[in-house]
Structures are given as structure tokens and as C-alpha cells.
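*Asks:* One structure coming up, written as C-alpha cells, with questions to follow.
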């Protein structure tokens with residue numbers, strides 16, 4: 001018998017790092033080809049040659065690499081081993097240990113939490129002793145008290161499903177802390193401060209402008225240009241940063257609105273949330289400085305790399321976005337504008353939620369389906385839940401709906417949701433229970449999760465904590481992603497597919513190719529004998545390759561259209577037979 005070695009490990013994630021160690025985790029290979037005996041991790045300093053690499057073994061899909069140098073970048077790879085031997089090493093990924101200053105900074109941030117936890121522990125023990133004394137005295141006289149205590153515990157403990165709705169909290173003093181969760185951070189809307197500058201001072205660190213070097217324009221925002229640059233803070237290594245600037249001639253309101261995003265970002269600390277480095281407010285131009293994400297916005301990144309990532313890599317990206325949104329929802333922050341264009345991707349394919357500048361207030365007197373925010377920005381209908389469109393009800397559940405659309409964007413490699421439909425058509429279709437079909441080669445489990453996110457009743461949608469758990473199970477068991485979703489001949493739930501018009505409007509293959517903007521393949525189809533729409537509906541991906549359609553994105557677009565056309569023909573034939 002001959003056995004194949006396992007396939008490569010698709011990606012690695014950094015769990016944590018210290019000055020002298022890095023903890024990593026990774027999913028199982030897509031094709032283990034047997035029982036995984038162990039993994040071998042290879043690493044070396046980026047500045048040195050690969051011949052200086054060190055190997056460590058791990059029987060689990062996680063490893064602690066210690067004995068490293070502080071503030072040093074390491075190149076790391078991992079491979080799996082079965083009885084057939086080792087598979088190939090994974091792609092090279094870079095991870096860095098903390099500098100001395102970074103480590104001390106983390107310790108300072110954790111000290112209040114440690115002290116608070118210790119104090120809470122003492123209070124908890126004292127409370128237990130007091131309660132046990134009281135209960136022992138009353139047990140013989142009042143059994144009802146025990147039942148009453150349990151009810152009180154249930155209504156204030158972690159088991160409680162219903163959470164306080166803080167979406168209408170208007171003042172910092174009015175925002176409650178969660179009972180039973182000492183020290184847990186709750187998001188505070190900077191617009192609730194009487195002096196918005198106070199929010200900036202409280203949540204954003206002021207950076208000396210001399211530490212910032214602007215290099216090149218990489219985009220334009222609502223308030224001004226966005227640049228790539230460098231930041232060199234005292235005692236820290238120089239890093240690349242993104243710099244948002246406030247254009248000259250701004251009003252005080254524009255300055256306040258611009259800096260509000262920094263006041264929001266400064267409250268967050270999570271590996272899947274874009275990190276605020278600080279602000280420059282004491283010189284011109286006013287700047288917001290954030291970490292630099294090498295691969296830019298997720299939607300354009302996916303379009304540029306159409307078909308280049310495996311399903312498990314895409315699932316890893318989606319899991320990261322869900323983890324970031326779980327963190328935000330636990331802080332009672334509602335994003336309201338979750339979309340692939342607002343997710344940024346770094347060089348290690350880590351996805352981070354960004355764009356916290358959307359106004360929290362909508363105009364109440366507009367019937368335009370693309371609502372206008374108080375800052376003049378647009379709230380996009382095709383990412384927004386039905387209740388948010390109809391009743392302006394934005395909650396974590398409406399963010400879950402938007403997350404389902406992001407999933408669809410990722411699995412379709414950046415296609416536009418609902419294609420070229422108008423906003424009003426999208427609203428009408430959703431109201432009639434139409435939903436987006438699975439993208440080509442999308443695993444059934446992922447499309448089902450999308451449909452769960454698009455439940456009309458927001459109370460039946462999964463929470464972000466449920467979504468993260470689902471992804472963890474899928475990553476641990478990659479075989480569950482093998483089953484690929486397809487559009488059923490008779491859908492049990494109506495699926496929306498408007499990627500092409502009604503096929504009956506086409507009189508020829510040329511008309512159809514023009515409608516899907518693929519006219520460049522006209523001769524390929526006709527010269528290969530595919531001269532009628534009936535013949536086209538029988539085509540497979542192998543047929544497309546054979547006639548010269550080799551680009552993955554073009555194959556996907558044409559096959560989606562063929563699939564829809566085949567479904568429409570089948571339904572028409574069924575209707576004719578019944579008539």
C-alpha cells in the first residue's frame with residue numbers, strides 16, 4: 001500500500017506574543033490523507049538565512065515558540081506528518097516578538113485588570129461566607145428564600161440571554177456596567193460628551209507630529225487625503241502607518257466629526273479591529289494615525305486575487321472578522337456599516353474591522369432607500385437588515401445580517417451583492433423572502449450560515465459568539481466544507497439570482513454573452529459548436545476550459561449565468577407541462 005503525504009497547512013495565526021516567545025495555531029491540512037501524527041514548525045530570524053532555522057515538534061495544531069530575541073521578526077512555516085511522512089511546508093509567514101517597551105506597556109494595561117480581579121475575588125469569598133451564614137440560619141424557617149435567591153441570580157448572572165439595550169443610551173453616566181462583570185468595558189459614544197474634545201483626550205493618545213513621516217497618497221476619505229507613512233515613537237521601532245488627514249478650511253463641526261472616529265477606535269483593543277496609534281491635533285493638518293494594512297480593503301483584494309485562495313483560507317478570514325464583531329457586540333457597539341470594503345487585510349491575511357466614522361443618527365424624513373446620514377454619507381441598502389431600513393432599528397442583530405452579506409462577498413471573491421439591481425428592487429425582493437444564492441463552489445455549511453444571518457426575525461439570527469464557534473468547528477473538521485452548495489431545481493426557499501435578465505429576452509448566444517459582459521468569448525463559443533442557448537445550458541467548467549475561458553473570475557461569472565439560465569428553462573418547461 002502507498003500513502004500520500006498530507007497537503008500543506010493553509011495558514012497560521014498568532015495567538016499571543018511576549019518579548020521572548022510567540023504562540024501560534026493553525027488548522028488541519030485540507031487533505032490530511034490519514035491520521036496526523038504531529039506537526040513540525042520551522043523558524044528563523046528574518047534578517048538571517050534559512051540555513052539558520054530551528055525546528056520544533058507539536059502533537060497539537062498549536063505551538064509555543066520560546067527562547068526568541070525581543071523585538072525581532074521571525075519567518076515561520078509548519079508542516080504535518082502522517083505515516084506516509086511529512087507534507088510540504090506552509091507558505092512563509094512573519095511574526096514579531098515584543099520590544100521591552102511594548103511588553104512593559106502591556107503589563108501596565110493589565111495591572112488594573114489583575115488588581116480588579118484580585119479585589120473581586122476577595123469580595124466574592126467574603127460574600128460567600130456571609131451568604132452561607134445567613135442561609136444556614138434561615139434555611140429551617142424560610143425555604144422560599146432559596147428559590148428567590150436563584151431567581152435573582154438568574155436575572156443578574158451570565159446565563160441571562162436578554163441583554164440591556166444600550167443603543168439609546170445618551171450620556172456616559174447613563175450607560176450601566178453589566179452586572180456580575182466587574183471592570184468589563186462598555187463602549188461610550190463620543191457624541192454624548194458635552195465637549196467632544198474631552199472624548200478625544202480620554203480615548204486617543206496625542207502623537208508628536210515630529211514622529212510622523214508622510215510618504216504617499218493611498219486614498220481619499222470623506223474629510224481629506226489618506227496617506228501611507230511611518231511612525232517612530234521614542235523607545236519603539238519604526239512602523240508603517242496609515243494617516244487620515246483633515247483637509248484645510250474645515251469647520252469646528254467637521255473637526256469634531258473627523259476626530260470622533262479616533263475616539264471610537266481608541267476604546268477598542270482586539271487583533272481583528274484596526275488599531276489606533278494616536279492623533280495629531282496640536283498642529284496642521286489634524287491627523288488620525290492607525291496601523292497600516294498592506295493588502296488594503298478586502299473587497300478589492302479579493303477581486304485582484306480571484307480564485308487564488310482555498311476555502312479554508314477564506315474561512316480563516318471570515319472567522320477573524322466574526323471574532324472582531326463578537327468583541328464589538330460584547331462592548332455593546334453597533335457598527336452599522338459592516339461590508340467587505342470596510343474590512344482591511346494585512347500581509348498575513350489577517351482581516352480587521354475598520355471604518356467607525358458612520359454617523360449614528362439617520363434623517364427621519366427621507367423615503368430614499370439609500371439613507372443619508374447626518375454627515376452626508378450614504379447607508380447602503382444591500383448590506384442593511386430589513387428592520388434597520390424600515391424602522392431605523394440598528395442592533396448587533398442587524399450587524400449579523402450585514403455579516404452574512406460579507407460572507408457572500410468573500411466566497412464570491414468580491415462580487416457586488418445583488419449585482420446591478422436597484423436599491424428599491426433589493427428591498428422588495430428581501431421583503432418577499434428572496435435571498436442571495438450560494439456563490440460558485442461555496443460549501444453548503446457556509447451558505448446555510450449566510451441564510452441563518454438573513455432570518456427576517458432578528459431574534460432568530462445567530463449571535464456573533466455562535467458564528468465564531470461555528471467557524472471553529474469547521475476549521476477543526478475541514479471535511480465538513482467538502483459538500484458544495486448548488487441552486488436546487490425547485491428551491492425550498494426562494495433564492496435571488498439576478499446576475500442575468502430573463503433568458504427569454506435573448507435570441508442568441510451573442511445576446512447572452514453581451515448581457516453578462518463576456519462578448520470577448522463570442523468566437524470561442526460559436527467555433528466550438530455552442531451555437532444555441534440550449535447547448536450552452538449543458539456546459540460544464542471543463543467545457544469552458546476547453547474552449548479557452550481560463551480566467552477563474554470569468555469562468556465563475558459565466559457558470560453562474562449558465563446555472564441560472566438552466567434553472568429558468570427547467571421551471572418554464574415544468575409550467576408548460578402543467579398547463
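Note: Cβ is positioned from N, Cα and C throughout, glycine not excepted.
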*Asks:* Which residue range, 69-90, 91-112, 113-134, is the one TrEMBL calls transmembrane segment?
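*Replies:* It is 113-134 that TrEMBL describes as transmembrane segment.
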*Asks:* How many helix, strand and coil residues does the domain 'Fibronectin type-III' (5-100) contain under DSSP?
*Replies:* 4 helix, 42 strand, 50 coil
*Asks:* Residues with Cβ closer than 8 Å to the Cβ of residue 244 (ATP binding site), same chain and 6+ apart in sequence?
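*Replies:* Correct list: 221, 223, 224, 226, 258, 261, 287, 288, 289, 290.
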*Asks:* Averaged over the whole of the domain 'Protein kinase' (212-475), what is the pLDDT?
*Replies:* 89
